[in-house]
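As given in TrEMBL:
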REGION    1-21  region 'Disordered'
DOMAIN    27-237  domain 'Class II aldolase/adducin N-terminal'
BINDING   Cys105  substrate binding site
BINDING   His123, His125, His210  Zn(2+) binding site
ACT_SITE  Glu153  active site, proton donor/acceptor
Amino acid sequence: MAPPSGDNDAGNNDHLVQSDDPDHPANLIPSLCAKFWTLGWVTGTGGGASIREADLVYIAPSGVQKELMRPSDIYVLSLAAQAKSLDKRSRVYLRSPPQYKPSQCTPLFLAAFTKRRAGCCIHTHSHWAVLVTLILEKGGPGYDREFRINNIEQIKGFGRGFEKSGNLGYHDTLRIPVIENTAHEEDLTEFLEEAMDKYPDTYAVLVRRHGVYVWGENVHKAKTQCESLDYLFQLAVEMKRLNLPWMTDIEPTVPT
């Protein structure tokens, strides 16, 4: 008999989330989410994070207050087993906590792991991210599908793109695609994947009136890019209040 969530459970396997190593994914996800809660990124039970370690994917559950999450609350699944599943909406978990439901963010996290070989994906409900999508929406069709900003130092916090070396520079333009929200989070998956295909160098996708998904090669890079992006979103909102443009044409300053 299948568990109430409708997903398959291959057994308890509590050993997968038990470790004294603070950098073990089952310990790191609660630690990160507690930090994100202080930033207002995972208010209520919204938002979350997932870490991939080789074939294993560790995922924060649905319905838990993120600042109170424990390692025993973490779900674990196998990417290889998921790839073999004929029903992509049904997931085979190697380890499931008894008291929660799987996160509806799961297929979006998996998209970052399979299409970008990411090591970590973070989903926030940052109000700065939401405000940026609303500002873009006010611009009307043709101006509402992409966030662009250049000539800001914090842009250097982003890599140049998937399988590319180095980071963006001060004068480069950061482009983040925007997709429309859906009533059910997992229904965002195909739109997120389309945005990833259209923007092969992006490390993030904004969701209108909802939040943002950010990924990176590892936890450090995903966290750094998420923090840099939230800084830029806040800056963009303040710039808009002051009628300052996000895109500027500045001549590079070079030493004599």
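One is the number of the first residue shown, and numbering goes on along the chain from there.
The backbone N, Cα and C atoms fix where each Cβ goes, and this holds for glycine too.
Those TrEMBL annotations? Automatic predictions, nothing curated.
Features recorded in TrEMBL, as mapped to the structure shown.
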{"residue": "Cys105", "record": "substrate binding site", "Cβ contacts under 8 Å, 6 or more apart": "Gly48, Ser50, Ile59, His123, Glu185, Glu186"}
{"residue": "His125", "record": "Zn(2+) binding site", "Cβ contacts under 8 Å, 6 or more apart": "Trp41, Val42, Thr43, Gly46, Gly47, His210, Gly211"}
{"residue": "Glu153", "record": "active site, proton donor/acceptor", "Cβ contacts under 8 Å, 6 or more apart": "Tyr170"}
Whose Cβ, among the binding-site residues His123, His210, has more other Cβ atoms within 10 Å than any of the rest?
His123
Additional residues around Zn(2+), ordered along the sequence, whose Cβ is within 8 Å of the centroid of His123, His125, His210:
Gly46, Gly47, Thr124, Ser126, Ala129, Val207, Gly211, Val212, Tyr213
